Structures are given as structure tokens and as C-alpha cells.
Amino acid sequence: MSQFLSLRNCLRLTIRLLRQFRRGEGMKAVIIMGSKSDLDYSKKIASKLADFGIDAVMRIASAHKTPEKVLEIIKEYEKEDVVFVTVAGRSNALSGFVDANTSKPVIASPPYSDKFGGADIFSSIRMPSGVAPMLVLEAENAALAVAKIFALKDEGVREKVVQFQENKRREIYKADEELR
């Protein structure tokens with residue numbers, strides 16, 4: 001009888017793992033903005049993610065003003081296959097705060113600002129020990145970074161990443177030919 005239960009538990013585990021790793025199931029990027037002023041930049045990320053076949057959810061919460069809201073959002077998605085993308089200008093506490101409170105990948109993608117000569121980027125670079133959000137500038141590159149993470153598990157996403165890279169190479173060759 002104990003062998004039967006053990007076999008049954010193994011089958012349940014196998015079925016659960018197969019469901020979990022089914023192509024594309026549950027994979028999404030959760031874009032957390034520090035404020036509504038980050039919405040246009042976040043929409044660019046979401047648009048590029050759609051090109052890779054990746055769903056995006058956009059949320060607004062501030063590590064400075066509403067840290068409890070940030071924690072609620074993290075908890076809401078903690079059991080899913082997600083990559084968090086944090087978008088916060090000025091003083092970017094959001095990226096480190098999210099990373100310190102999740103085991104999921106966090107990509108910090110602060111929008112560029114001419115104010116302060118772009119120096120606000122430094123708040124995204126230096127993090128305390130044990131806090132490691134990945135810094136990726138530009139909306140398209142942030143989406144590509146998310147896609148590469150999901151490509152580890154999803155062949156369809158991997159193929160789209162490879163095609164994207166090939167298209168970028170073709171653009172260079174074409175630009176060179178046009179100059180000749």
C-alpha cells in the first residue's frame with residue numbers, strides 16, 4: 001500500500017511539474033511604476049514584451065510613499081512565473097526594495113531624465129549586500145532581458161529572441177550597404 005501512495009504522489013508531482021512548465025503558461029512581466037509619470041515609459045516596455053509573446057501587468061506603487069502596497073503586489077505574484085520590472089525615476093528605491101522582498105528576478109529600468117544631468121541613475125546602481133536588481137536601460141532592452149529569462153523555459157520565446165537578434169544584425173548590414 002505504501003508503494004501505491006508513493007507512486008500516486010510521484011504522479012501528482014509529475015503532473016504538477018508538467019503543468020507548471022507548459023509552454024508560456026503563467027509567464028508574465030509585472031511592471032511596477034513608482035508613479036503615474038512613469039506610465040508612458042512602462043507602456044513602451046509592455047509593447048516590446050508583447051512582441052516576444054509575453055504578457056505584462058502594470059501596477060503603480062512607491063517604495064517611498066506606499067511600501068506596504070509594493071509588498072502587497074509582490075505577494076500577489078510570488079507564486080507565479082514572473083519577472084518584476086521596476087520603473088522609477090528620480091530616487092529609485094523601488095528596484096532595491098522589490099528585489100530585497102522577492103526571490104523572483106527584478107530588472108530595474110529607470111527612465112532617462114536630463115534633470116540633474118542624468119545623475120539620478122546612480123540610485124539604481126549601488127545596492128546593499130544581498131540586493132541585486134539587474135539594471136537595464138531603455139525600454140526595448142528591458143523587454144529583451146525579460147524575454148531572455150523566459151527563453152530559458154519557453155522555446156517559443158527563445159525563437160523570438162533569436163529572430164529579434166537576427167533582425168538587429170540585418171539592420172546593421174543594411175545600414176552599411178546604404179552607405180556604399
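Note that Cβ sites are derived from N, Cα and C of the backbone, with glycine treated the same way.
What you are looking at is a predicted structure, and each value in this text was computed from that prediction instead of being measured.
Marked as substrate binding site by Swiss-Prot: Ser35, Asp38, Ser62, Lys65, Gly89, Ser91. Under the DSSP three-state reduction, Gly89 (substrate binding site) is assigned to coil, being neither helix nor strand.
Counted over all residue pairs in Ser35, Asp38, Ser62, Lys65, Gly89, Ser91, the record's binders of substrate, the longest Cα to Cα distance measures 15 angstrom. Listed in chain order, the residues near the substrate site other than Ser35, Asp38, Ser62, Lys65, Gly89, Ser91 are Met33, Gly34, Ser37, Ala63, His64, Ala88, Arg90, Asn92, Leu94, each with its Cβ within 8 Å of the site Cβ centroid. When the neighbouring Cβ atoms lying within 10 Å are counted for each of the binding-site residues (Ser35, Asp38, Ser62, Lys65, Ser91), the highest count belongs to Asp38.
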